[in-house]
Amino acid sequence: FHGGKLLALEEGHLPFGLGLLTDGDVAMRDFEDFGGKLGHEFTAHPKVDLATGEMMFFGYNLERQPYCTYGVVDAAGSLTVSLPIHYEKPVMMHDCAITARHSIILYLPLVFRPRKGQPPFVLDRKEPSRFAIFPRHAKSPDDIVWFEYPTASFGYHTANTWEDGDTIHMVHVTDDEFDFGKNGVDSDLKLVRWSFHLPTRTVSRVTLLDRQVEFPIINPRVVGRRSKFVYVLLFGEDARLPEAERPQLRAYKAEHVAKGYSWGISKVDVTEGRECGRIVFGEDVLGTECSFAAKASAVAEDAGY
């Protein structure tokens with residue numbers, strides 16, 4: 001919901017407007033192009049800065065230059081920034097990141113290379129992981145600074161990003177051996193923190209949680225600001241349930257986790273790189289991507305549901 005409009009998002013098209021009727025039904029509106037100013041795809045993961053009311057987004061495609069375009073929509077719903085991001089080879093993109101002053105586009109080498117009987121996207125391990133960092137209201141591609149990390153990697157989702165002096169930190173779920181054909185149980189997605197040192201244009205990475213995770217979320221009030229907690233869904237071999245649970249329940253959960261469902265949520269302290277809480281879903285309960293609902297009057301970052 002932004003600028004007084006309820007938008008359904010899917011990264012291959014324009015946003016689609018929806019309406020909520022008094023009887024609780026959902027009405028279909030039309031594609032949203034922000035007064036005719038938007039003519040390209042729109043990510044399913046825009047970032048909203050609650051301090052300014054702005055929504056930052058990007059759209060990517062595989063067929064035409066520019067392969068990626070970044071934009072800003074103000075609190076009133078007007079498109080105020082449209083910035084082409086130029087690069088030679090199209091790649092799949094899914095998420096982006098913002099700080100209070102900067103935006104980041106992840107150019108990770110998941111290339112479109114369809115082969116019969118194989119997934120359409122493959123990780124090109126000969127290519128580095130690249131990141132475009134630029135001011136939120138950049139006026140020209142000349143404002144973009146590119147950072148390179150020597151190892152190829154891919155991850156769908158970012159958690160949060162913030163500035164610390166001359167360094168930008170970005171918490172992200174990533175995998176150096178990413179396989180587009182695998183789901184959560186087979187992937188090796190880990191929660192990591194990328195650090196970009198602006199004066200030297202260098203980048204480093206540390207692992208925060210060494211287990212299979214996906215779908216990181218945070219309190220929306222701290223988007224783009226220094227934060228302490230990230231919540232991730234748990235998958236994979238670490239899904240071995242307590243031995244006290246009935247064998248048939250363990251078998252039930254193992255079967256469904258193998259299909260890409262999660263068995264629990266981990267609360268991670270990203271300042272210390274440790275798990276500080278965990279919820280294991282109850283009997284016959286599995287989960288997928290969720291949201292954090294902050295308590296209305298609370299100040300603590302982790303006060304919510």
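Just so you know, glycine gets a Cβ as well, placed from its N, Cα and C.
As annotated by TrEMBL, Fe cation binding site applies to HIS45, HIS94, HIS157.
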What does DSSP say about HIS94 (Fe cation binding site): helix, strand or coil?
coil
For HIS157 (Fe cation binding site), what is the secondary structure state per DSSP, taken as helix, strand or coil?
coil
Under 8 Å between C-beta atoms and at least six apart in sequence, can you list the same-chain neighbours of HIS157 (Fe cation binding site), or say none if there are none?
HIS45, HIS94, ASP95, HIS172, VAL173, GLU214, PHE215, PRO216
May I have the list of same-chain residues other than HIS45, HIS94, HIS157 whose Cβ is within 8 Å of the Cβ centroid of the recorded Fe cation site, in sequence order?
THR43, ALA44, ASP95, CYS96, TYR156, THR158
Taking 10 A as the limit, how many CB atoms besides its own sit near the CB of HIS45 (Fe cation binding site)?
16
Hey, what's the Cβ neighbour count for HIS94 (Fe cation binding site) at 10 Å?
17
